[in-house]
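**Q** For Gly154, Arg217, Cys218, Gly247, Asp248, Gly249, Ser250, the entry in TrEMBL reads ATP binding site. Sequence annotations record features per position, and here TrEMBL assigns Mg(2+) binding site to Asp248. According to TrEMBL, the substrate binding site annotation covers Ser293, Ile294, Asp295, Arg330, Met337, Gly338, Arg339, Glu393, Arg421, His427, Val428, Gln429, Arg430. According to TrEMBL, the compositional bias 'Basic and acidic residues' annotation covers 21-37. Taken from TrEMBL, the feature domain 'Phosphofructokinase' covers 147-452, 534-818. The region 'N-terminal catalytic PFK domain 1' annotation in TrEMBL covers 1-519. As annotated by TrEMBL, region 'Disordered' applies to 1-37. Residues or ranges marked as region 'C-terminal regulatory PFK domain 2' in TrEMBL: 533-908.
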Amino acid sequence: MAQAENESAFCPIIEGPADDTATHETETEHTEERDTIGELRRDLAGMNADLLTPPSLSPFLRFRGSVAFTEGFEQNLHILAKDQYPDRAMGIFTSGGDAQASINENEIHRIATYYRRSNDLQQHDYLTEIGKEGHFIAKNQFNGCSLAVFTSGGDAQGMNPAVRAIVRMGIYLGCTVYFIHEGYQGLVDGGHSIRQATWASVSGISEDGGTIIGSARCKDFRERPGRLRAAKNLIEHGINNIVCIGGDGSLTGANLFREEWSSLLKELVETNQVKQEDAETYSYLNIVGLVGSIDNDFCGTDMTIGADSALHRIMEAIDCIATTATSHQRCFILEVMGRHCGYLALVTALGSDADWVFMPEAPPEPGWEDQLCNKLKNTRETGQRLNIIVLAEGAIDCEHRPIKSDDVRELISKRLKYDTRITILGHVQRGGCPSAFDRLLGTRMGAEAVLALMEATPTSKPVVIALSGNQTVRVPLMRCVEKTLAVAQAMQAKRFKEAQELRGRSFKSNFETYIRLSKLRPKLSSNKQHTFNLAVLNVGSPAGGVNAAVRAIVRYGLCEKMNIHAVFDGFEGLINNQVKTLQWTSVNGWSSVGGSLLGSQRTTAAKIGLTKIAEKFREYNFHAVIIIGGYEAYTSVIQLYDARNKHPEFQVPLICIPATISNNVPGTEFSIGADTALNEIVKICDKIKQSAQGSKRRVFVIETMGGYCGYLATMAALASGADQAYIYEEPFTIKDLIEDVDHLCKKMEGHLKRGLLLRNEMASEHYSTDFITNLLREEGKGIFSARSNILGHMQQGGFPSPFDRAFATKLGCKAITYIASLIEKAATGDGKVICNTPESAVVLGLIKRQSEFTPVEALKTKTDTEHRLPLDQWWLKLRPLLRILAKHESVYISDFIESGVDEVDQTQ
């Protein structure tokens, strides 16, 4: 996901309502709020380094096989021993949508007013605690504890992966885990609605949408007698730990239940429904929440479970609509969900080049009807054959009057006489398989929820497991609810700017980017006298989202009075004069196109010849250059930067925008295209698993791309529920392979008679995909068969994912703004630009929750140049979770027993 503005995720993740809350992040927040033109990180400015890192200094060699290596060089490790909480129980449930406890309007007003008065809109005082993700987790350290999980309210894709992670992490830790079927209704009904979960009961559910344990709204739980019955049912099963998966209403109901727990037990004892000793044993109730909502309307987390999958459904629909709309020159109005939140509508508009967006937080100004019609008319006059309008179901005008799809269609049809159609997606947005991001999000949050429950004390406040950048965190539940209610209160009072602020920096940034791109007009830009020439080219392999970045660069560049020169086929095309000036309409519809419309070559600048390139820079009078691409693009910027003294033509702003499915470019945690490739791999894995299921007793070995970087293999394995992922960063031996064979043999004794192993293409020189497959065939003879599948270039194709479209668009805009600021400082009186500082040769990437411009000079020492890898890769901390959920128990004990323990660094 993600992503300077909470893009988040281990994967790529599109941003949502941000949690700008942690007090220890105040300094970071101030930096982000100033990030209008992308300032250089002060801690990196002026650093010097050699390009080549001696192999002897490479941490990939120093730490190979050690804990620090396999954990992504984590400095702070937590020991979580299995069965260490033997006397505790826990439950799981999912919920979303409706409130299960009544809160009157006065209370809402009180909470909203208090929040607004006591907190500056740009700062928050949430007591965020960093999660234990990626640290040592000892087996059976909570032996004898119990917990339960349930889902309630509206369902969301990604709930099942969360349930799977909760069950398996709970069992791994020694807990007894229970399903509470049908949400709060099952909690009240008890009996068969509360059942013990097993390891096998959650096998193969990661790819299923919805929730396997059911979800229902419950009126009984809103009243005390219903909650009394629920408490009795939990005591009878020995449960006082609950994971609630749902929206703010369901989480509020869970918190009320916790607050009333003591009085409920007292009443049950007095009426002889519960024994006194049982009441003392389960004298308190611990609650941990996961937010499952496709609307992404919960404040406190960058993304909610289900939002990314809903965006996939919407984007798939809009791509299909675009083809038919173009054929008939039609205008389409696409209505998406979002009764009180416009996140889905906003990100859809940003990633689809929509002409207009209606959403609750930003109602149009009076007279919007004329503005809309004029804009549609202007786009048709420029040759555009279709118009797309995105409308959230809760769209309103500034007087709170609803804006309906039928009203907009009637307006356009009458005034412009356009053939206008409406498509209401409805519950299609809730259905289908979870995206790779939602699978990973649900898995990570579910595992963290169990750890948070087991570490809770009788005085612990309930928390929500949230996503902050690419880190799971624990945030006070009711503080998040208060902020969410404050958004509704601000909108009700017509304080719409405040509502946008409360949604978070990410929401505001997305909205401002969309407004900037949508308000620009070709005629306005063409009347300006462009002074500076910007070159944009693609170097490396194709990646989904590159065209969206080019579109943003062209349109933002035109606004900044730049001539945009597109260089086709990389540096080879530059030498061959394949250079063309792009205008506003040249990039219509580019956001949804996969691959690279500019053409891409993997040849670096040095291989072409720096002298030849300098001559072309001088010939075309380039004042700035943006190179979009993978490791080759990064290397080319370094080569141009190092040659500045010899070739003054290179003393201009040089920016590398990382775009590669391998996600191996230093200076960023996510690269454009990696999320698209990950989704393609996961879809293929789902199909292969179906094949293995039909064949029975079959194991598949799947080879992924990525060079030496194991990002795709690891994340795809975690998202698809694979048994193992072999990567270069984590060395493996023949002993490890034999242990995996033994694991698969035991697995075939169960009901799920299939296996899935992923291997990165450069994981090992000798243990190739064929070798592993043949080993499985020989050692598993008579127990299972084995097949291999090399995915190849399918991973580079397909439509860009919603995340990659939005991420690329924002990076493109930020790159232009940064270049404009450099040119303003470095331009000479005769129209030349001279930049010869480290700040003028940078990688623009996403680090934590910020867009960072990192000098390539500073990145030289952070790169394993031999293997084309960053030395620090955040996703390595997810490797232990992959092994736990696949039941690779021995790996943990042997790998981590020697490492030692550090406390959480609250300053990071």
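Cβ from N, Cα, C; glycine included.
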**Q** Fewest other Cβ atoms within 10 Å: which of the binding-site residues Arg217, Arg421 wins that one? Let me know.
**A** Arg421
**Q** From the Cα of Gly154 (ATP binding site) across to the Cα of Asp295 (substrate binding site), what is the distance in angstrom?
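**A** Rounded to a whole number, the Cα-Cα distance is 11 Å.
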**Q** Within a 10 Å radius around the Cβ, which one of these binding-site residues has the most neighbouring Cβ atoms: Gly154, Gly247, Gly249?
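**A** Selected residue: Gly247.
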**Q** When you look at Ser293, Ile294, Asp295, Arg330, Met337, Gly338, Arg339, Glu393, Arg421, His427, Val428, Gln429, Arg430, which the record names as binding substrate, what is the longest CA to CA distance in angstrom?
**A** 32
**Q** In whole Å, how far is Ser250 (ATP binding site) from Val428 (substrate binding site) when you measure between their Cα atoms?
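**A** Distance (Cα to Cα, whole Å): 23 Å.
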**Q** If we check Cα distances from Ser250 (ATP binding site), which of the binding-site residues Ser293, Met337, Arg339, Arg421, Arg430 wins as closest?
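**A** Nearest in space to Ser250 (ATP binding site), counting only the binding-site residues, is Ser293.
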**Q** Consider the binding-site residues Gly154, Arg217, Cys218, Gly247, Gly249 and say which one has the Cα lying nearest the Cα of Arg430 (substrate binding site).
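**A** Checking each of Gly154, Arg217, Cys218, Gly247, Gly249 against Arg430 (substrate binding site), the shortest Cα distance is to Gly154.
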**Q** List which of the binding-site residues Ser293, Met337, Arg339, Arg421 have their Cα within 10 Å of the Cα of Gly247 (ATP binding site), in sequence order.
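**A** Neighbours among binding-site residues, in sequence order: Ser293.
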**Q** Cβ distance under 8 Å to Met337 (substrate binding site), same chain, sequence separation 6 or more: which residues?
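**A** Once residues fewer than 6 apart are set aside, Met337 (substrate binding site) is near Ile294, Asp295, Ala310, Leu344, Ala392, Glu393, Leu425, Gly426, Gln429, Arg430.
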**Q** What's the number of neighbouring CB atoms sitting within 10 A of the CB on Arg430 (substrate binding site)?
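**A** There are 20 such Cβ atoms around Arg430 (substrate binding site).
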**Q** Largest pairwise Cα distance, Å, within the listed ATP binders Gly154, Arg217, Cys218, Gly247, Asp248, Gly249, Ser250?
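**A** Overall maximum Cα spacing for these binding residues reaches 15 Å.
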**Q** Between Ser250, Ser293, which of the binding-site residues has the fewest other CB atoms within 10 angstroms in the structure shown?
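**A** Output over binding-site residues Ser250, Ser293: least Cβ neighbours within 10 Å is Ser293.
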**Q** If I take the alpha carbons of Ser293 (substrate binding site) and Gly249 (ATP binding site), what is the distance between them in whole Å?
**A** 11
**Q** Using Arg421 (substrate binding site) as the reference point, find which of the binding-site residues Gly154, Arg217, Cys218, Asp248 has the shortest Cα-to-Cα distance to it.
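**A** Given the candidates Gly154, Arg217, Cys218, Asp248, the nearest one is Gly154.
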**Q** Counting Cβ atoms within 10 Å of each candidate's own Cβ, which of the binding-site residues Cys218, Val428 comes out highest?
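**A** Highest number of other Cβ atoms within 10 Å: Cys218.
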**Q** Residues with Cβ closer than 8 Å to the Cβ of Arg339 (substrate binding site), same chain and 6+ apart in sequence?
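**A** Looking at Cβ-Cβ distances below 8 Å from Arg339 (substrate binding site), excluding near sequence neighbours, one finds Asp295, Pro360, Ala392, Glu393, Gly394.
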**Q** What is the Cβ neighbour count of Asp248 (ATP binding site) at a 10 Å cut-off, with all protein chains included?
**A** 28
